[in-house]
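The block underneath contains the structure these notes are about, expressed in structure tokens.
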Amino acid sequence: MNISSLAFEPTLFSAANLSPSSACRRPFYGRYPTLFVCSSAKTVAAVGSSVSVPESGRKDGLKRIGELSQVSGVLGCQWGDEGKGKLVDILAQHFEIVARCQGGANAGHTIYNAEGKKFALHLIPSGILNEDTLCVIGNGVVVHVPGFFEEIDRLEASGVSCKGRILVSDRAHLLFDFHQEVDGLREAELAKSFIGTTRRGIGPCYSSKVIRNGIRVGDLRHLDTLPQKLDLLLSDAAARFKDFNYTPEVLEEEVEKYKRYAERLEPFITDTVYFINEAISANKKILVEGGQATMLDIDFGTYPFVTSSSPSAGGICTGLGIAPKVVGDLIGVVKAYTTRVGSGPFPTEILGKGGDLLRFAGQEFGTTTGRPRRCGWLDIVALKYCCQINGFSSLNLTKLDVLSELSEIQLGVSYSTPDGTPVRSFPADLSLLEQIKVEYETMPGWMCDISSIRDYSDLPKAAKEYISRIEELVGIPVHYIGVGPGRDALLYK
């Protein structure tokens, strides 16, 4: 998208015109994005021009992918929406199995096939577009069966065969429609301190799991006990929320619906713990696709403004039933700037029109909810924190092209308290995070279109310097750079 056409007024980026209005938003102490618009500005590669990928760069990239460990993973480094699905889709061509280990339909992964057709996936792993890839939904995932079949039907209608290519763990928990209703009631109850969930029922379903009255996929093989188990779940919800309508008719309707689903779901149900471990023993290559991201982790994220699972490295083992020693290369996916959906601390957030500029340039609207994402500069402190927790071997820097028309780009490199005391690590204290002052480094923008570049060596000097500075600050190499949404818009470094 050509952001110069938005014609933002520079005066609108001044602090006087920006006032925090939503939960946990805080003042921004850095500069706001400014556009460089000049008809004589050099264009490195025009959008839509025919640019072939240099064979040397492609070969080096494929060699590196081929050398990834037997069990590798792709995880998010921010608050989700980093572009993990695209990398998984590309890497899946070199793996026999792609597995989801946590989360549910709250994950929204947008990918494009070779013809440029767009697919929005929520529960089914992003490897599904590669016809030789087997997709596994692990025990750590919560499964909304109606949504699962809706995705399959959409894929099949678009010519993507799913038959015999998807396995669902018998240990995965079922997410019911009433979990979604409870999610909405809970958010309404919280009022001004709401978390900003996707309202897909993820939290309530994991709550059912943790208090040990959840229903698992494998339970659909024992329909005689289903009414009793559903009654317990529904009665709990009715006792907790006065606006939750539970009658015998509701129970009967739900039981009958899942009797029908049970028959259709049966071919997919598998002991995936056994299957995955047998695949490892047989030297099959397995790629794990994380949903959400580390900054939304139930333990390590900005609690309570987090998801209900562990989208960090540890979630791979618990969500698939594999030993830590078999997990090898982990690739962290990070945007060239930062976004967040919903409430919660966001130290490098740009409020007002400055954030709007990044939002429209990057088309930052949620795949799952359609909500506008909050936008800000790349937060190096948070990124280093994510890298420490996950032990990434490399990074995938995405959406670098979105920054192409900015004359200056900032990196949030350190934190301090309002009185100037350095904050050495990413704090758990929300009150501190809300007051934190971010110290920025300003780097020159490259001010030209890079979306059609297909070799790292052709990037402008300023873009390379931006990437190198990120590598220097976090101590992890950036091996993959995204410059557009398509499969081919990935540079190998």
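The backbone N, Cα and C atoms fix where each Cβ goes, and this holds for glycine too.
Here is what TrEMBL records for this protein:
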- D81: active site, proton acceptor (ACT_SITE)
- H109: active site, proton donor (ACT_SITE)
- K209: active site (ACT_SITE)
- 80-86, 108-110, R373, 399-401, 482-484: GTP binding site (BINDING)
- D81, G108: Mg(2+) binding site (BINDING)
- D81, E82, G83, K84, N106, A107, G108, H109, T198, R212, Q292, T307, R371: IMP binding site (BINDING)
- T367, T368, T369, G370, R371, P372, R373: substrate binding site (BINDING)
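Here the features listed in TrEMBL are painted onto the structure.
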{"residue": "G80", "record": "GTP binding site", "CB count, 10 Å": "29"}
{"residue": "D81", "record": "active site, proton acceptor", "CB count, 10 Å": "27"}
{"residue": "G83", "record": "GTP binding site", "CB count, 10 Å": "23"}
{"residue": "H109", "record": "active site, proton donor", "CB count, 10 Å": "24"}
{"residue": "T110", "record": "GTP binding site", "CB count, 10 Å": "17"}
{"residue": "K209", "record": "active site", "CB count, 10 Å": "20"}
{"residue": "R371", "record": "IMP binding site", "CB count, 10 Å": "13"}
{"residue": "P372", "record": "substrate binding site", "CB count, 10 Å": "15"}
{"residue": "R373", "record": "substrate binding site", "CB count, 10 Å": "21"}
{"residue": "L400", "record": "GTP binding site", "CB count, 10 Å": "25"}
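Mapped onto three states, the DSSP output places K86 (GTP binding site) in helix. On a Cα basis, Q292 (IMP binding site) lies 20 Å away from L400 (GTP binding site). Sequence-distant contacts of K86 (GTP binding site), defined by Cβ-Cβ distance under 8 angstroms and a gap of at least six in the same chain, are T110, I111, Y112, S126, T398, G482, P485, R487, L490. Cβ crowding, taken as the number of other Cβ atoms within 10 Å, peaks at Q292 among the binding-site residues N106, Q292, G370, V483. G80 (GTP binding site) falls within neither a helix nor a strand when secondary structure is assigned with DSSP, and so counts as coil. Calculated from their C-alpha atoms, the gap between V483 (GTP binding site) and G370 (substrate binding site) amounts to 23 Å. The CA atom of P372 (substrate binding site) is located 16 Å away from the CA atom of G83 (GTP binding site).
Using a 10 Å Cβ-Cβ cutoff, G108 (Mg(2+) binding site) registers 21 neighbours. If you take the Cα of R373 (substrate binding site) and the Cα of D81 (active site, proton acceptor), they are about 9 angstrom apart, rounded to a whole number. Per Cα geometry, D81 is the residue among the recorded positions D81, G83, G370 nearest to Q292 (IMP binding site).
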